[in-house]
Amino acid sequence: MLTSWFLNVFFLVLAFVPLILSAPATSLTKDYYQKTCPDFSKIVRETVTTKQAQQPTTAAGTLRVFFHDCFLEGCDASVLVATNSFNKAERDDELNESLPGDAFDIVTRIKTALELSCPGVVSCADILAQSTRDLITIVGGPFYEVKLGRKDGFESKAHKVHGNIPIANHTVHDMMSIFKKNGFSLKEMVALSGGHTVGFAHCIEFSSRLFGPRADPELDSRYADRLKDLCKDHTVNKSMAAFLDPITPGKFDNMYFKNLKRGLGLLASDHALFKDNGTRPFVDLYADNQTAFFDDFARAMEKLGMVGVKGDNDGEVRRKCDHFNKLDV
């Protein structure tokens, strides 16, 4: 009877092991800084409002940096780390070289203000998550809840970027393999792609659709002509860029999806969402219903902010966002 009791207990314990292993590494809460840094939300909101007024591309740039951060090693501010003599960091990989300086600047501004108000308390990862949400709402996008308590990661490796970040000429299959790896569905991938309703892309990222024998005939001809004129010197002036949404570039709305149906998708990966039979129904839905897009985008952003978050045992609160507390890491 003792043996039977032991076996029953043994198998009961085994039954709970998967639940334990699948539990999140850390628990985030909306009021994480309520006692330790009560002015956190106010400082972030006021700083991003000032910065966005000074530089209107800040919102789009910060959203892009947040996405690039979370899709590699999780939302741990690893993309903010600068390269040093010991390590080439994520931000210096060729796929991240075009990440906008305004996004890094806004995090630095907020971190500086917070270190004066509550030193050593707020992580750079939380600053990036909160500022992204606030900036999206400033330019007209949906409000969504940001849970806090992330820690900053201990690693930032440039060589890990490739294969973990979608690129401009990816097919739907290519993109979905990356999104699926991070736990996102096809519909969520399309919703998050709607972030391209703000921001811009450099000519080099879409020049193959304009020039040479393989120019894309599915790009609206008048739009293509304007882009050709804009990008004619793109091999010399690599800073040349075009808005991802040429109609309402500074407003977060559903115009991006409407543009895809008109042949105004700037990147090949944008146009692919309309061409593919699996993603076109979602493009049609969001083009016709901005509320549906906002609702799905908000839920997907909440989920994105939870990807690979670090807890006390596998992260830190950096004193400066561009390097680890231990400089030799």
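The backbone N, Cα and C atoms fix where each Cβ goes, and this holds for glycine too.
Taken verbatim from TrEMBL:
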SIGNAL    1-22  signal peptide
DISULFID  C37-C118  disulfide bond
SITE      R64  site 'Transition state stabilizer'
ACT_SITE  H68  active site, proton acceptor
BINDING   D69, G74, D76, S78, E90  Ca(2+) 1 binding site
DISULFID  C70-C75  disulfide bond
DISULFID  C124-C321  disulfide bond
BINDING   P166  substrate binding site
BINDING   H196  heme b binding site
BINDING   T197, D245, T248, D253  Ca(2+) 2 binding site
DISULFID  C203-C231  disulfide bond
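Its own atom aside, the Cβ of E90 (Ca(2+) 1 binding site) has 27 Cβ atoms within 10 angstroms in the protein chains shown.
Among the recorded positions listed (H68, D69, C203, C231), C203 has its Cα nearest to the Cα of D245 (Ca(2+) 2 binding site). Only H196, of the binding-site residues D76, P166, H196, T248, have a C-alpha within 10 angstroms of the C-alpha of R64 (site 'Transition state stabilizer'). Inclusion criterion for the recorded positions C70, P166, T197, T248: a C-alpha placed within 10 angstroms of the C-alpha of S78 (Ca(2+) 1 binding site); this criterion is met by C70.
Between the listed disulfide-bonded residues, namely C124, C231, the fewest other CB atoms within 10 angstroms of a CB are found at C231. Within 8 Å of the centroid defined by the CB atoms of D69, G74, D76, S78, E90, the record's Ca(2+) 1 site, lie the Cβ atoms of C70, L72, E73, C75, A77, V79, A125, G153, S156, G308, excluding the listed residues themselves. Taking each of the disulfide-bonded residues C37, C70, C118, C321 in turn and counting other Cβ atoms within 10 Å of its Cβ gives the largest count for C70. Around T248 (Ca(2+) 2 binding site), the same-chain residues six or more apart in sequence whose CB sits under 8 Å from its CB are T197, M255, listed in sequence order.
Neighbour counts were taken at the CB atom with a 10 A radius for the disulfide-bonded residues C75, C203; the maximum falls on C75.
Sequence-distant neighbours of H196 (heme b binding site) (same chain, 6+ apart, CB under 8 A from its CB) are L244, D245, Y256, L266, L267, D270.
If you take the Cα of C124 (disulfide bond) and the Cα of D76 (Ca(2+) 1 binding site), they are about 8 angstrom apart, rounded to a whole number. Within 8 A of the CB centroid of the Ca(2+) 2 site residues T197, D245, T248, D253, the other residues of that chain are V198, I247, P249, K251, F252, N254, M255, Y256, N259. Looking only at Cα atoms, C231 (disulfide bond) sits nearest to D253 among the recorded positions C37, D253, C321. For the binding-site residues E90, P166, D253, a Cα to Cα distance of within 10 angstroms from C75 (disulfide bond) holds for none. When Cα-Cα distances from C321 (disulfide bond) are compared across the recorded positions D69, G74, C203, the shortest belongs to D69.
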